[in-house]
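These notes concern the structure reproduced below.
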Amino acid sequence: MQKPELRRFEKLGEMMVQVYERYLPTAFDESMTLLEKMNKIIEYLNQIGRLTNDVVEEWNKVMEWILNDGLEDYVKETLEKWYEEGKFADLVIQVIDELKQFGVSVKTYGAVGDGKTDDIEAFEKAIASGYPVYIPNGKFAVSRSIKIPSNTVITGAGIDNAVVTFLDSVPLGDSLMINDNYATGNENIYLSDFTLDGNCQRFGVNAIGSGGSRDSNLSIHASKNVHINRIKSINATLHGIDITCGGLDYPYMGDGTTAPYPSRDIYISDCEAPSLGDDGITTNNSEYITISNCNCHDPRLLNNCNGIEIDDGSRHVQLSNNISKNCFGGVEVKAHGNVPAAYNVSINGHMSIGDVRSYNFRHIGHHSATDPESMSAKNIICNNLMSVNPNNKRGFQNNAAPRVLAVSAYYGVVVNGLSAYTTEPANLTETAISVQFRARNVSLSGIVMTGFSMAENAIYVIGGSRGGDSVNISNVTLNNSGRNGVAIGSGIDNVSISNVSAIGDGIANPIAIVKTVNSNPQISGVNGIGYPTVCQVAGVAYNDGLTLFNGAFRGATSSSEFIHSEGFVLGSTSKSGATASKSGVVSSSNSIAKAERSLIAGSASCTTSGSYNTILSSLNCETTDTGNLISTSSASKATGNRNIILASYGVLASGSYKVNGGYGGEGTPSASNIKLGNSLNGHIKAKNTVTGANTWSDYGEYFESVDGQAIETGYLVTLEGSKIRKAQEGEKIIGAISETAGIILGESTWNWQGQYLKNEFGGLIYETVEIDEGVFEKMPKINPSYNPKLEYLSRGERPEWNIVGLIGQIMVRIDDTVKIGSGISAKDGIATDGDTGIVMQITTPYESSKGYGVAKVLLK
């Protein structure tokens, strides 16, 4: 048989000697052989878990090798020789001393472990030895706190195997385990693999701590480099595990202060804390703490009993993969009003089951509008949270309303990934997730909620004087959760809501997927089914969705100048900008809208420097002052107020309320280049010929008929006073009723002819009026008798008013005496041979059946 590897058993000998010390009061005083004793040692070591299976297998190979190769006698002779020479006893003592480096059992120092005997002295002696302390199977009762000095290791035979508890006689005020220098602290403490039973039952079912951190199961003060692994804390009068600063009383020194002697570099893992008096695991005024893979559940009392509480002044704390169940708060990050809040806290993976408020972040005393703003409540980041069936069936905190998440008074809270699920919708009827009480700069992303069909709001940013603000909500999926999916209260100025998908077909009386009181949230990507309204903003319903953006907006633009928070640049290049409120540039290059309510579109190298100004489809143009428009023009400038430049080049428009057009110059705007103008008083000016676009060539005016009836086209008319009738033989002809007048005067198209006061010659009476702030113009003076409420019809719409062609080529009715080249006279309004005008053309010969023909006559 090949010789096994023996070097791996070098330390085994030391462990054997410890067992010899326990089993053999003196060497070889038992009847068993040496090999039997060695195998007994292996059996014992295997029972207490000191050897792994592969080590035992190797030892069996050693035994087989010794026996099969006939070395048994040699080994016995050698050991007996050592004993006779006194070497064996020395070896035993030496190995025992070395073995103690691996730990000493409290039973070695007299601990009984029957749950009745006071074992405190055994614990104190074992700890005082300076060696690692081992707690074997048993229930070890103590009559006072177990105090832990620096550089202490205490391990047990495992949770629920090794149990430490208080005797019933211990009064209120002691913690079961506490570091011995709780004023200024200890260091290098390692605790693992046992149960702490606070035996709170000795005080009755409603027992609570006597004050400060007293009466906790494990209390660590002002210490550093502390490892707490696989500890179960049950029946705590106060906290299961309490990490705090120096002193038994918590310090209340005011917000913005730092308590002296913090605990730091604390590592808590794989612990369990049921039947709490207050919190399962709590931290206070300490830093650099990790808590992982812990389970805190089922508190005894109905106060603010939290699974894990990161409390007053704690900072730089990391929680990972923990569980809470049936507590008031699953994880509470908080502070009282006169201390700093916990800050810079990371929660990465937590499952809250049946807690009232799965995640509760708050700084008490800083919630109302009149409270001082928190100086310290900042920085909480959460990833991959779960909330299962939040409820308050037990009536915690006077029946406080359940929440999945509540954020109050904290600045800088980020939640990335939160799954909330309930099969009991009636347990949460208000708001599931709330951002409230002056919380600011909160980001909620990756939220999935299912089953909260009776909740008024799935997510609610509460408004009013103490509401939240500066909140980003994105990537939200709601499955029958919330009559309102995302609701935003009043007075909240900075909210962004994006990518919300909701199904509400299982909700009684759903309202809207997104509902906001104010009109200025940013909203995009909202969709769903089962809700009557997709978005409701400031009371206005949008049933097909809505996209709202606040702040400077730039889209499809390669580069830009400054953009105002209420401006935009779209589809533009070459440093276009919108530098004023309510300004914009669209599809343009190198253009800047510099004034409020100004727009540049489809243009290049243009500038608006006045409000209410617009430039469209133009090049190298500028507007100043107020209300000007330039369209399809180049190298032009509109100043003054309410002026328009159309289809022009090199035009400078000034004054007020004018429409201008023209062309000229070499790119420098000038009024001399104006070719057409129309003023606010209706004055039209043209620099060149005004022509008609048809062949009509007479000039006409409106005249009222004597009998108030219309006179048919082509009849010659004469005056009777200021009115007209058909001209008779020998009467002076003033013209003919015309349908071909190129110019027509006197229609009074838009207003009653007496609307404005006139002088004795019929001219308008003017007065100076301030038409815009600081802008004065002469305007016709209103007639006091004018009533604008009366309906008005222009003369062209009234039958008594007829257009009379006075001058030009006019079509008239003729009899059979009229000849081309001769003049005419009138007979019952029909032209007959005479000496007025000249007949140019007979266009329709006379027909006796009709009683007239038609001729074109030139009248002067």
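Note that Cβ sites are derived from N, Cα and C of the backbone, with glycine treated the same way.
If you check Swiss-Prot, you get these features:
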- GLU701: active site, nucleophile (ACT_SITE)
- GLU309, ASP311: Mg(2+) binding site (BINDING)
- 752-801: ATP binding site (BINDING)
Which one is closest to SER794 (ATP binding site) in space, judged by CA to CA distance, out of the recorded positions GLU309, ASP311, GLU701?
-> GLU701
Check TRP801 (ATP binding site) against DSSP and tell me helix, strand or coil, would you?
-> strand
Just the number: how many Å between the Cα atoms of ASP311 (Mg(2+) binding site) and TRP801 (ATP binding site)?
-> 92
GLU773 (ATP binding site) and GLU309 (Mg(2+) binding site), compared by Cα position, are separated in whole Å by 64
List, in sequence order, the same-chain residues at least six positions removed whose CB sits under 8 Å from that of TYR766 (ATP binding site)?
-> LYS778, MET779, PRO780, LYS781
Name the one residue among GLU309, TRP752, ASN759, ASN787, TRP801 whose Cα is closest in three-dimensional space to that of GLU701 (active site, nucleophile); these are the binding-site residues.
-> TRP801
In sequence order, which residues at least six apart in the same chain have a CB under 8 Å from the CB of TRP801 (ATP binding site)?
-> TYR702, PHE703, GLU704, SER705, ARG795
If you count the other Cβ atoms within 10 Å of each Cβ, which of the recorded positions ASP311, GLU701 comes out on top?
-> ASP311
GLU309, GLU773 as binding-site residues, winner by CB count within 10 A | GLU309
